[in-house]
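Since the structure comes first, as structure tokens, the remarks are kept for the end.
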Amino acid sequence: MQSTANYLWMLSDILGQGATANVYRGRNKKTGDLYAVKVFNSLSFQRPADVQMREFEVLKKLNHKNIVKLFAIEEEMSSRHKVLVMEFCPCASLYSVLEEPTNSYGLPESEFLIVSRDVVAGMNHLRENGIIHRDIKPGNIMREIGEDGKSVYKLTDFGAARELEDDEQFVSLYGTEEYLHPDMYERAVLRKEHQKKYSATVDLWSIGVTFYHAATGSLPFRPFEGPRRNKEVMYKIIAGKPSGAISGVQRAENGPIEWSGELPATCNLSMGLQTLFTPVLANILEADQEKCWGFEQFFAVTNDIFNRIVVHVFSLQQMTPHKIYINTYDKVPDFHDLVYKQTKIPGQNQELLFEGRRLVLEQGRLAQHFPITTDENPIFVLTREMVSVIGLRFDEIVIPKPISHYDLDVDANMAKAVTGVACYYCRIAASLLLVLDLMRKGIRWLSELMKEEYNENVHRNTEVSLKLNFCNRTTEKDLKIYEQLMQTSVESEVYAIHAKLLNLSSTQEGLKSSLQEVKNKLTPGGTLMDSWINTEGIHAADRNVEKLQVLLSLITEIYCQFKKDKAQRRLSYNEEQIHKFDKQKLCLHAAKAYSLFKDECVGKYEVFRSKTLEWMRKMIHVRKQLFSIKSKCFDIEEEASKCQHYINQYQEKMSPKMFAAPSGMKSAVNPIYSSPNTLVEMTLGMRKLKEDMEGVVKELEENNHILERFGALTIDGDFRNVDCI
């Protein structure tokens, strides 16, 4: 045990080891509270005195929630060496988090955002105080749990830190080689002399590597044998990285470098966040310091990302979930643009559904006032046009094959890899289940939407039919009355209008048969019935995710034992036999997990996807058919209105002739009516006209009554209204 005036610690209770110091878990002598005590070793005292004091001076200047706090600088009682008493973070470092098999393929999106936000905030505080860190890596980012249960990450280990303004440079070498800027790597690792100086932006390179590591679970630049086994190739990769690339991997010995400007498919981050973060990585992982972003631009872009809100969207026809990162002040057109960038569905073609209803967003509505969405309750987007069924983006990773011979180190590493893949299977299986649950929900809603569209068409078609019938009867009666009363032929235009009305009626009758065809597809037994969604694909009742989790727990248990075996370095005969039996069990559990994932989860998902493609084709055809009927119905109604308008004008034109002054009437009537009963015949004709007009009024009233009753009718007796938000 060692101690200072106010703190004590056990030498066996070590938290971390570095080149110049060890960190122990210590306690305050009076309160018993836990602290991290940094004790410097003999190598530390070989440094110049000003360098030794630099860490103390830097920590004294800093005070931020995302930087490990310095509480005291005291002397160890026996050696009188300085020790730092700092804030204790009980959840270890980001490196420890990334070493967990659960995070083998990167942190969950929510945790990645916390890491990146906290690191950016901590770095911003450093730059405000004119300090560079020079050794940023996951091992120097500590984690604790905040009062709200969320992680809080803090920068630590300022042994390499120094004061340096943005326009200043330095030549001394610090850092961890996997995270070093290429210029520093060349001199510090390869020991090649050059005259280059370094600026504060070298921290940005280290941040880029750290963020990539956090997002994917792997380092971005990897020689075949590993970064520390082939340093020449490592330098070749980082120094020769093309602009825009964010990773370079050598897959085989002496093989080519595979460059990529995207994060891998195994990454946990949504495409929405990847689209925003990938340019950040590309511009800070830039070997040319002239091309690399400065801190000001880095802080501006990252804070813009952190200040956005997420709108969860599900593209029904593409079977793809999306997260739309949007500014709170952005409006509906901006939202449609962002949806287009991820789905390639043009804004004018996007139809939105939310909680089973049409979602109509006014153009001026701010994003902060959109409906609250989640992964399980997103806004559904669809279109009347045919789009490809894409599905969830993932890789079918194969379980690593174990080696046959006995090797504790290799077995522990293999068990860790198997555990990581099993965790990945669990995550993807849960995602596939969620996608299919959303598909089932969306297809039911879409079926209801098509029924609504059908009912609207039937309603409109009935209105048009009644209007045409009325126009036809009115025209026929007018023709008959005018010919009887006026005893002369009617203008040819009236006959043409009558013929046009008859033709429109014939076309409208054709629409009825088209509607009946659509109805047959939508009703039970039709080709667009959605009953198949209840039988195909993965279901929660299958409990595949739970089965995978059981296998994962068995695999994890063996992995933990293998870690202990590795730490022992040598096992007794009985322990060795148990180890071999566990290895066999590990292979058996892994094979079961792979079979369950591939056959039950991915296999059934693919069947559902192919069925979806077939159903969507039929759905698009029916919706286009309904749209065509609606368009034709509108055209017929428009033409009927023109005919009705002409008839009304003709009636107004003929009325003065029918009811002209007696003198005028005589001249018109005398040649026609030679009978002495002319006046009686005219009176009877006028009465007949009055009766016909009263009949027309009565028919109009009856038609209106029919329309009012029809307004409540649908296929299933439930007419749903548009939901306008």
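Glycine is no exception: its Cβ is also placed from the backbone N, Cα and C atoms.
Going by what Swiss-Prot states, the ATP site holds L15, G16, Q17, G18, A19, T20, A21, N22, V23, and the candidate of K38, K60, K61 recorded there is K38.
DSSP assignment over the domain 'Ubiquitin-like' (309-385) gives 18 helix, 28 strand, 31 coil. Of all residue pairs in the ATP-binding list (L15, G16, Q17, G18, A19, T20, A21, N22, V23, K38), the one with the greatest Cα separation is 14 Å apart. Of the recorded residues, A21 (ATP binding site) and D135 (active site, proton acceptor) place their C-alpha atoms 15 Å from one another. When Cβ atoms from all protein chains are considered, those within 10 Å of V23 (ATP binding site) total 20, not counting its own.
The DSSP secondary structure for D135 (active site, proton acceptor) is coil. Between the CA atoms of D135 (active site, proton acceptor) and A19 (ATP binding site) there is a gap of 12 Å.
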